[in-house]
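Here's the structure, in structure tokens; my notes come after.
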């Protein structure tokens, strides 16, 4: 069946800087798909991530690996085969928790697969050793048969069958010895590989401790930089306030200069006007005299207006009386008209009767 995905998520991928071993280098510009794959033929697990056509993670999970949560949304693990450290930044704590749980689950499965493989190797090694132990008896039997060849060379079909079986046993023994040597070689290779993996794990653990210290140092430096940035921002705000204040003052100075020029122009105009003050004083005196005469005339006019107002009031009162009398006359006239109308109606009735 080949490799099949068993778990998929999305995260930002990082790798440790190979030169400094301190800073994280982004491996993807945005969040990409990160998947666990299981290879049923090899009974192995891998973490694979592809950004476009570029493979940015290809990490085979071993029982010695450890996934470490370094923050609420960030985790990392060391891959000694790839000689790097992978980091994943998730969008939420839940995604990080699910990925970590799956990592532990796959790690346990890889450990079980390794244990089963070692048991199979030990079983095959024991079988080869038992086959090797049986070899002397077989060779002894063959040697015995060989010494009796002269005696049973003319023994018939039984002798031929024994010789054929003896050849088969020899072939089986040789194959067992060859397999035993191969298994011993493979076992030694696995032991060397395990020893190398243990050394790499020890080194990775030491690197993890170093990275933790470096991370704490980076956090302290980050806090210090944030404080400095805050101070600089406050200073920038103060500088901006001062700049704004200076700009306002500049504008105010320009306004005052403009006002000063206007005042100087007004002063110059007043100086010019001061030269004609005597003439203005004479005109003012004549205007004062005219004003006094006008006030006298105005007084006379006011007296006349008061008289006219009194006449108007008398005429209005007279008009009111005339209106009252006229209304009475109209009422009388209406009564007479009604009587005349009745009289005419009476005459018209008498004419009709006649």
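Each residue, glycine too, has its Cβ placed from N, Cα and C.
Source: prediction; values computed, not measured.
What TrEMBL says about this protein:
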type: COILED; residues: 166-318; note: coiled coil
type: COMPBIAS; residues: 111-122; note: compositional bias 'Basic and acidic residues'
type: DOMAIN; residues: 1-110; note: domain 'WH1'
type: REGION; residues: 111-158; note: region 'Disordered'
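For the domain 'WH1' (1-110), the DSSP-based tally of helix, strand and coil residues reads 18 helix, 54 strand, 38 coil.
Per-residue pLDDT, averaged across the domain 'WH1' (1-110), gives 92. For the compositional bias 'Basic and acidic residues' (111-122), the number of residues in each DSSP class (helix H, G, I; strand E, B; coil) is 12 helix, 0 strand, 0 coil.
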